[in-house]
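> Attaching a single structure in structure tokens format; questions to follow.
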Amino acid sequence: MVGMRGAYGGGGGYSNGNESQPLGGAAGAAGPMTTETSTEIVGMEVHKVAPPPPRSTLSKMKARVKETFFPDDPFRGFKGQPLGTQWLMAVKYLFPILDWVPGYSFSLFKSDLIAGLTIASLAIPQGISYAKLASLPPIIGLYSSFVPPMVYAVLGSSRDLAVGPVSIASLVMGSMLRDAVSPSGEPLLFLQLAFTSTFFAGLVQASLGILRLGFIIDFLSKATLVGFMAGAAIIVSLQQLKALLGIVHFTTQMGIVPVMASVFHHTKEWSWQTILMGVCFLVFLLAARHVSLRWPKLFWVSACAPLASVIISTLLVFLFKAQNHGISIIGQLKCGLNRPSWDKLLFDSTYLGLTMKTGLITGILSLTVREGIAVGRTFASLKDYQVDGNKEMMAIGLMNVVGSCTSCYVTTGAFSRSAVNHNAGCKTAMSNVVMALTVMVTLLFLMPLFVYTPNVVLGAIIIAAVIGLIDLPAVYQIWKMDKMDFLVCVCAFAGVIFISVQEGLAIAVGLSVFRVLMQITRPKMMIQGKIKGTDIYRDLYQYKEAQRVPGILILAIEAPINFANSNYLNERIKRWIEEENSMQNKQTELHFVILDLSAVPAIDTSGIAFLTDIKKTIEKRGLELVLVNPTGEVMEKIQRANEAQNQFRSDCLYLTTEEAVASLSALAKMTKP
């Protein structure tokens, strides 16, 4: 069969009456043919594979950069506008508050006032609790619920996002910094490292937004995030056993084994008074959460429950002097607003690597793990308005940079508070301002009221908040849909609870990268057959009614062809050819291999080299390779390869599999003796 095409070389035509018509594929063969064969070819129109219109390298690079970094084309509204209007639109893009403040009304303010007060009732106890989770003074949690929301109200584009500290970022920051510095032994240094890490977190987040690199935060798969969040929620809850049981000497490690070992090695420190109070308030908080989930209109029940718990428990401790009976309390908190902390940012080389790594991890986590951008987009879709993810990253990043200079640690859009904000009927980002002003009043006048607040209630608040991160329905859905994804989910979960949060996160990222690399280096290929009575060709494994075409092996590739997978594709095609030749009860000897490139969006030089090599290999076996429907970029690369080596003539290219099969079948009949 090698050289068979030469007998019917492309570029010829066939005679139909008195008129000669050119063909764009192998059917355009010149030479003798039987009447039967001629009728089959004449009855079908064979289309040429057209190369894409020529474009300059600069225009192609411009289009690629635009699609990579500006897929949403955020400046499309600027086109055709006067220069002054464009400047005004640019200012509004940078400061979205200017877009909605001119049309703000009292009716909108009433809705935002109710929403702001509601989320403040949740933000105050959560801020204190999460600061303790990060091993920071409780006052820092309130500071972080004052300045950042004010900054976000000016720069943020989401109407529903409620800003403040979050559990996962607090846990990770605290655990990473504790590995280097003891928060009790060197509290000032620990605080400096926390502020510096927050500064770097803000830089990372703002840089991702400014450089339009928001797609990086989508790199973690849902399976890894579900597993990581569930593991982190369990670790956070186990860490609160110190407060719930009244243990004084507790491990600083994060794994489930050392935590449980510490719990049972210090049974003598357990306090029944603390346990009783902790269990009662935890049941109350979980019951309130259940009520709000069961009846969404009663969202305010779970929103107000943490603050109610703080007030009630504080009164109980004050009235019964419970601090003298084994129940630990927060103690004195200073009144006053955020103190400047730019002088506390520490860029010493000894700790620079630690703070940069902590900032990088907590910054990205704040944007991905059910917080930040995802929250804003979720509620924006419910209210049918747009949120620019890159713009949001800029706002959150600048918010954290400012926060690091005003005694705040890393903050982002919190899921629980944003849900309450949405359900409370917020209309604009003014609800964040109301919340911040409420926190300001608390900082100025109400701090003495928290002196007797028991730590056990703060632990119960944290457990009730993070338990929502354990998404069992999502785990079950992953199990039903994809067992490999379920394995990834389980590995991320196990890494967090059995090793540590940092290593668990590294495992989750590693598994995500490995999964993507496997999909790239081992792309999907299939053998196709014809569905009887149609001109449709589909996967033989998926469609049982599809039938092989005698003498022709039809293969389809569903991935870009590049340096990472070209060797695999080469070996896989060779193995299929060998299997095809060794099959018993074959009707016809194998003559042709059709490679369907319809689902190949891109190809590089290694991919072109692969096509050239596989063509030579197939021809050495006495077979012939035909390509079907190469896409624009692929066809352009093939055309350039032809200019150098002329490997893929027009008679090797077809627009559809049906046209290729019909033409090749006709050629096979013509060569029969």
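Each Cβ is built from the backbone N, Cα and C atoms, and glycine gets one as well.
TrEMBL labels come from automatic prediction, so no person has curated them.
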> TrEMBL lists transmembrane segment for one of the ranges 89-110, 243-264; which is that range?
243-264
> If TrEMBL is the reference, give me the range from 1-32, 33-64 marked as region 'Disordered'.
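Of 1-32, 33-64, TrEMBL gives region 'Disordered' for 1-32.
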> Using a Cβ cut-off of under 8 Å, list the residues of the same chain at least 6 residues beyond the transmembrane segment (270-287) that approach it.
243-247, 302, 305-306, 309, 312-313, 316, 322, 325-328, 454, 456-457, 459-461, 463-464, 467
> Is the transmembrane segment (393-412) close to the transmembrane segment (457-479), in the sense of at least 3 CB pairs under 8 angstroms with a sequence gap of 6 or more?
no
> How does the domain 'STAS' (542-664) divide up by DSSP, counting helix, then strand, then coil residues?
58 helix, 23 strand, 42 coil
> Report, as numbers and ranges, every residue of the chain located at least six residues beyond the transmembrane segment (299-320) whose Cβ falls under 8 Å of a Cβ in that stretch; write 'none' if there are none.
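Here the qualifying positions are 118-119, 121-122, 124-126, 277, 281, 284-285, 288-289, 291-293, 327, 329, 419-420, 423-424, 449-450, 452-454, 456-458, 460-461, 464-465.
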> Which range out of 214-236, 243-264, 393-412, 433-451 gives the transmembrane segment (486-514) the most CB pairs under 8 Å?
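Per the Cβ count, the answer is 214-236.
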> Quick one: mean pLDDT on the domain 'STAS' (542-664)?
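Here the predicted model's pLDDT, averaged over the domain 'STAS' (542-664), is 87.
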> By Cβ distance under 8 Å, which residues at least 6 away from the ends of the transmembrane segment (214-236) in the same chain are close to it?
133, 167-168, 171, 208, 254-256, 259, 364, 367-370, 372-373, 389-390, 393, 462-463, 466-471, 474-475, 478, 482, 485-486, 488-497, 501, 504-505, 508-509, 511-513, 515-516
